[in-house]
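Residues or ranges marked as FMN binding site in TrEMBL: Arg36, Arg37, Ser38, Arg63, His67, Trp157, Ile158, Thr159. Annotation source TrEMBL lists domain 'Nitroreductase' at 49-187.
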Amino acid sequence: MTEKADIRHLDLAPIPFGTPLPAKVSAQTLELLLTRRSAPAPTLGLPAPSEDEMEVLLKIGFRVPDHGKIGPWRIVRFTTESKARLVDNLRALAEARDDKAQAGALLKLSTPPEALLVVYSPVQPHKIPLWEQMGSAFAICQNLLIAAGAMGYGANWITDWYAYDAEAKSLLGLKDGEEVAGFIYLGTPSEAPLERDRPDYAERVSFWEG
Ligand SMILES: Cc1cc2nc3c(=O)[nH]c(=O)nc-3n(C[C@H](O)[C@H](O)[C@H](O)COP(=O)(O)O)c2cc1C
């Protein structure tokens, strides 16, 4: 899959507060969402999104519901080089622990060309429940997957031991109280992902009978 969307006409200027935003009807978007799939990280190669494309992705990423407008999230970017350094540091950590499973799990992190790290920061006790702050951060991850797909890239949202391990979190630069919402891998898939099992609609949707 090498075809990419033409993003040159997109207007990225901030939209003034209060500007009316009429709905944009798009059957193509519906089609995209009906067949959306993550691309397994190991299939993601070059080209990765360009700087211009990345700007579009990030701006779409941040356009998520956010109760209280508190922005309980930040995104840290990795280049191929900084990601390689991260992998080296994590490998050293795993080897110091003699943890082969942890070392092996780094393969995924070392394969694709570029990753975005999405971190949520629900540090401040706030009247907006933590659960909702986390939901907003997860919505960023999902927006990134959708936008990457629409642009002609593949994306994969993962976590792993290094998203939860205290020393690894410190290497990643997380502040106290911050958690990783997801690592978003981006690249061009070498093959089309295959459909996976999907939940049964009738099993998951019901009318309230109270
Ligand atoms: C928060 C979160 C963390 C995830 N972490 C992993 C992971 O570490 N490894 C993995 O194989 N899949 C992980 N997944 C699942 C994949 O991102 C994805 O759901 C799965 O590959 C199927 O994706 P699709 O329904 O978008 O095609 C995670 C999903 C979420 C929401």
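The first residue you see is number 1, and the count goes up from there.
Each Cβ is built from the backbone N, Cα and C atoms, and glycine gets one as well.
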Here the binding-site residues are Ser38, Thr159; the one whose Cβ sees the most other Cβ atoms within 10 Å is Ser38
Here the 10 Å Cβ neighbour count for Arg37 (FMN binding site) comes out at 16
Expected list for ligand 1 (Cβ under 6 angstroms, binding-site residues Arg37, Arg63, His67, Thr159) reads Arg37, Thr159
Across the domain 'Nitroreductase' (49-187) the predicted model averages a pLDDT of 91
The DSSP breakdown of the domain 'Nitroreductase' (49-187) into helix, strand and coil residues is 71 helix, 27 strand, 41 coil
